[in-house]
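Participant: Below: one structure in structure tokens.
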Amino acid sequence: MKTLQEILYNVHIVAVQGNNDIAVPALRIDSRAIAPGDVFIAIKGVHADGHQFIAKALSQGATAIVCEVLPDERPANVCFVQVSDSALACGIMAANFYDNPSQKLQLVGVTGTNGKTTIATLLFNLFTKLRFHCGLISTVENRIGNEIIPATHTTPDAISLQALLADMVDEGCAYAFMEVSSHAIHQQRIAGAKFAGGIFSNITHDHLDYHKTFDEYIRVKKMFFDGLPSSAFALTNLDDKRGNVMLQNTKAKKASYSLRTMADFKGKILENSLTGLIMQVNEKEVHFRLIGEFNAYNLLAVYGAATLLGQDKDEVLQALSAVTGAEGRFDYIVSDRERVIGIVDYAHTPDALLNVLATINNLRKGHEKIITVVGAGGDRDTTKRPVMAQVAAERSDRVILTSDNPRSEDPGAIIKEMETGIPVNLLRKTLSIVDRKEAIKTAVSLANPEDIILVAGKGHEKYQDIHGVKHPFDDKQVLKEMLALLGK
Ligand SMILES: CC(=O)N[C@H]1[C@@H](OP(=O)(O)OP(=O)(O)OC[C@H]2O[C@@H](n3ccc(=O)[nH]c3=O)[C@H](O)[C@@H]2O)O[C@H](CO)[C@@H](O)[C@@H]1O[C@H](C)C(=O)N[C@@H](C)C(=O)N[C@H](CCC(=O)O)C(=O)O
Ligand SMILES: Nc1ncnc2c1ncn2[C@@H]1O[C@H](COP(=O)(O)OP(=O)(O)OP(=O)(O)O)[C@@H](O)[C@H]1O
Ligand SMILES: N[C@H](CCC[C@H](N)C(=O)O)C(=O)O
Ligand SMILES: [Mg+2]
């Protein structure tokens, strides 16, 4: 077992009171999880301030407290460590506690508004196909080889993250691919992690509830690249307006991908259909199983990263052409008799919705109707609600506004906010149905043979969060059941 003194290596310490030469069984950021002997790190959060729970941590047997402000009451048998930034200290301490696992494998982080799960999952699938043992940290699930570890966040808290990376090292993983959310960067969940590479997909409207302004959101995303070491690569999407800005101050080796301009990894779409993409990638023609222009970007990012990690370009393209995408991302089903196409997609931002609908519009032969079922999550960015409804109405023939995860909000009120974004002349093609199952059922009943139904926003999610209770709900399952009833 390591001592507190060893675990504090590299942490910026203001003052230490008491003996830090004590064994540490576990680090905790939540006082409720403290067992006798543990170290409690008090972090200022969004809803509460961990400093308020120091007394609770002590009553549960914490033998050391790491904090920014020392409490007045300090029992003599407890070690108090004052630091300038406890979230940062937590990341570094967690990495030390678990023996710096990110230095023992190649860790690649993906950031951006859309595409993180897809890119990280494609990298995991690709490197597994190339016969490497790999780890994955994503919104959908975490994985160590074939073992699935349920995910609670897109990017876990610093202690869980380092524990997970340590398990990957123990299991012999050579690579780990992870999503780096803007919340995680801002909350220092990735502090202490050494990256072999960083990838930027794109940046658009999201999470303004948390970051307040778009500039602040960009600044936070950029911090990830600013922190990359010179040994790493920093791969950016040149077709995104902010692609260059992201890499401005990084020490890492800069590289780029693009479908439109000169770049290190240049692609061109030759064919885009429901059977996949045919692309020219650095002069080679390749068929991929993924659909849509946005996936052409994701594939280029993956190809670029794999090349930068030293893999053979031709082998990468060959393996990548057989790889499939992530669950709930342009997942589609075709009904037996009527040939109605049902698509489930995790598009929960205006931009993602626009991309998916543009893709569907490109793929349709002409006469088919597009029927979109979409909602917006509660307790999240409210400004995206009307915009998502507008995008859906402008790009579909029928729209059914419904609930996503209402969380603590009234679902009817969220739908009302969405309705305000629908241009008056498009109101007649819109319906509002609070019950998501009813909404999907209605979409199916409105469909004629070969029409396309898009159910957007929840993708792989297997529940609906209503007032803190997760009710089982699976878009794909419901859509499948309803489509099976067609023509009966
Ligand atoms: C808004 C947000 O990001 N919240 C995260 C944050 O919680 P918080 O700041 O609200 O914590 P808090 O409740 O204020 O408490 C502050 C501190 O006091 C501690 N505490 C609290 C109560 C107590 O009795 N004792 C105690 O010690 C807490 O453990 C915490 O350390 O820190 C917690 C610990 O790391 C996270 O679990 C929590 O994620 C919540 C559940 C969440 O929903 N986060 C979402 C928004 C999120 O992070 N999403 C991104 C993906 C977004 C995307 O790109 O799509 C993600 O990476 O998952
Ligand atoms: N490169 C991309 N550009 C724009 N939209 C994309 C891209 N890749 C995927 N999408 C769309 O965005 C949705 C979310 O994709 P994905 O889950 O890969 O992103 P994410 O960044 O992990 O999202 P989250 O922040 O919610 O975890 C997909 O369902 C798809 O509709
Ligand atoms: N990681 C995103 C997922 C949103 C998914 C959507 N279904 C919703 O619940 O809003 C978030 O927590 O904002
Ligand atoms: Mg994700």
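Easy rule for this one: first residue shown is 1, then count along the chain.
Yeah, the Cβs are placed from backbone N, Cα and C, and that goes for glycine too.
As listed in TrEMBL for this protein:
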- 27-98: domain 'Mur ligase N-terminal catalytic' (DOMAIN)
- 110-306: domain 'Mur ligase central' (DOMAIN)
- Gly112, Thr113, Asn114, Gly115, Lys116, Thr117, Thr118: ATP binding site (BINDING)
- Lys221: N6-carboxylysine (MOD_RES)
- 328-459: domain 'Mur ligase C-terminal' (DOMAIN)
- Arg380, Asp404, Asn405, Pro406, Arg407, Gly457, Glu461: meso-2,6-diaminopimelate binding site (BINDING)
- 404-407: motif 'Meso-diaminopimelate recognition motif' (MOTIF)
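What's the neighbourhood like for each of these?
Facilitator: Taken together, the residues of the domain 'Mur ligase N-terminal catalytic' (27-98) have an average pLDDT of 97.
For the recorded site, Thr117 (ATP binding site), the DSSP three-state label reads helix. Just so you know, the Cβ of Thr117 (ATP binding site) picks up 26 other Cβ atoms within 10 Å once every protein chain is counted.
Around Lys221 (N6-carboxylysine), the same-chain residues six or more apart in sequence whose CB sits under 8 Å from its CB are Thr111, Gly112, Ser182, Ile185, Phe200, Ile203, Met246, listed in sequence order.
Note: the domain 'Mur ligase C-terminal' (328-459) comprises 52 helix, 27 strand, 53 coil (DSSP; helix = H, G, I, strand = E, B).
For Asn405 (meso-2,6-diaminopimelate binding site), the count of additional Cβ atoms within 10 Å of its Cβ stands at 25 [all protein chains shown].
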Participant: Given the meso-2,6-diaminopimelate site residues Arg380, Asp404, Asn405, Pro406, Arg407, Gly457, Glu461, which other residues of that chain have a Cβ within 8 Å of the mean position of their Cβ atoms, reported in sequence order?
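Facilitator: Residues close to the meso-2,6-diaminopimelate site, other than Arg380, Asp404, Asn405, Pro406, Arg407, Gly457, Glu461: His348, Gly375, Ala376, Gly377, Gly378, Ser403, Lys458, Gln464, Asp465.
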Participant: Within the set Lys116, Thr118, Asn405, Glu461, which binding-site residues show a CB-to-ligand 2 distance under 6 A?
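Facilitator: Going through Lys116, Thr118, Asn405, Glu461 in sequence order, those close to ligand 2 turn out to be Lys116, Thr118.
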Participant: For Lys221 (N6-carboxylysine), just give me the three-state DSSP call.
Facilitator: helix
Participant: Would you mind listing, in sequence order, the residues at least six apart from Asp404 (meso-2,6-diaminopimelate binding site) in the same chain with a Cβ closer than 8 Å to its Cβ?
Facilitator: His348, Val374, Gly375, Ala376, Gly377, Gly378, Ile414, Arg436, Gly457, Lys458, Gln464
Participant: Other residues near the ATP site, CB within 8 A of the CB centroid of Gly112, Thr113, Asn114, Gly115, Lys116, Thr117, Thr118?
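Facilitator: Close Cβ neighbours, site residues excluded: Val110, Ile119, Glu179, Ser201, Asn202, Asn298.
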Participant: Using DSSP, how many residues of the domain 'Mur ligase N-terminal catalytic' (27-98) fall into helix, strand and coil, respectively?
Facilitator: 25 helix, 16 strand, 31 coil
